[in-house]
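Remarks on the structure that follows.
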Amino acid sequence: ALLGVTNLAVTPATLAPGAIGTATATYVLTQSDINNGQISNTAIASGTSPQGNPVQDTSGTSTTNDTPTVTTLPQNPAIALVKTAVFNDTNADTFAQVGETITYTFTVTNTGNVTVNGLVINDVLLGVTNLAVTPATLAPGAIGTATATYVLTQSDINNGQISNTAIASGTSPQGNPVQDTSGTS
């Protein structure tokens, strides 16, 4: 039923007692399948006996059962966080002053093969806890963003630079944590 195949030919089409026939079909995975981590499928083989009676069997994992065939799909939940900063020179004098700000942009990319949910940013220096990424759910290859502002202190100006990292975190479809520490590319 999963494959949507009907009347797939078995080779050979006529089987003597104890003989084996085969048929092959291909199924194209969906993102939902990968997120689930497995595919479960059954098929029904049918034919006609020499007396003209219908004969059928539901597929199984062996010749003695009808247990669905389960195929495990490898999952790789992964995200990448890039953090960029822009100094906001409020008075346009090209010098940093106490009270001026830095706007940080957090860009999260789903680099894995499963959807990641509940994405948030945590950044100690900025005092940011569970800053929501928009969108908070990312399919593989999708990108989400968040922004935060930091107010400069005299200590920051005396140091001549601000260096810190943030952590993006979310959850895989199976409920496992997915994290990445920010980089610049």
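Cβ from N, Cα, C; glycine included.
Heads up, TrEMBL stuff is auto-annotated, nobody curated it.
Features reported for this protein in TrEMBL:
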type	residues	note
DOMAIN	9-57	domain 'DUF7507'
COMPBIAS	40-57	compositional bias 'Polar residues'
REGION	40-69	region 'Disordered'
COMPBIAS	58-69	compositional bias 'Low complexity'
DOMAIN	76-180	domain 'DUF7507'
REGION	164-185	region 'Disordered'
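Long-range Cβ contacts of the compositional bias 'Low complexity' (58-69) within its own chain (Cβ-Cβ under 8 Å, at least 6 residues beyond either end) map to 40-45. DSSP states for the domain 'DUF7507' (9-57), grouped as helix (H, G, I), strand (E, B) and coil, give 6 helix, 15 strand, 28 coil.
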